[in-house]
């Protein structure tokens, strides 16, 4: 129905109608590309933020549970958790810095090859280059935010068993929140994403707790 109507109108006005139709088709083609680009850029930052916060939470919570399995002293647990926070944040920052620097070098080399071919737009390409320092700071901050949660949860509880239960509960709730937020921002299934993050965190904490307790209590080892 639409094709015959456009042919009939074009016979009345051969200039304006074809231009209007072509302009509409171009808009229909270009809009998904812009939307796809926005979600691609959002996905890169989302990946780094969720990865950093999740790593901070799981690493420090698992470390604290491992120490608590063989040492009931709250000071030892808090010191171990704080050391994990500092070491993990530094590791995430350095790792992200090196990774983004490598990516930046690759993109610069590609820009130079395109420039030699005469197909490079230097201004647009310069804006697209990643910032290593910014990525490193974001990763360290995200790790620290996730790592501070189990520290705060266990800092004011003296009873070892209660402290352990609160630590697991807080870590579980935070893992679900990270999974839900990541799913909503990335437009992925909420239940599947949050369940994957939660189960992965449980596995890490359980494995650390079990192996540390096994090694620490084996043959009366003194810690």
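Glycine too: its Cβ is placed from the backbone N, Cα and C atoms.
TrEMBL entries are annotated by machine, without manual review.
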Quick one: sort out which of 76-94, 95-113 is the transmembrane segment according to TrEMBL.
76-94
The transmembrane segment (197-216) versus listed stretches 45-64, 76-94, 135-157: most Cβ pairs under 8 Å:
45-64
Can you find at least 3 Cβ pairs under 8 Å between the transmembrane segment (164-185) and the transmembrane segment (45-64), where each pair is 6 or more residues apart in sequence?
yes
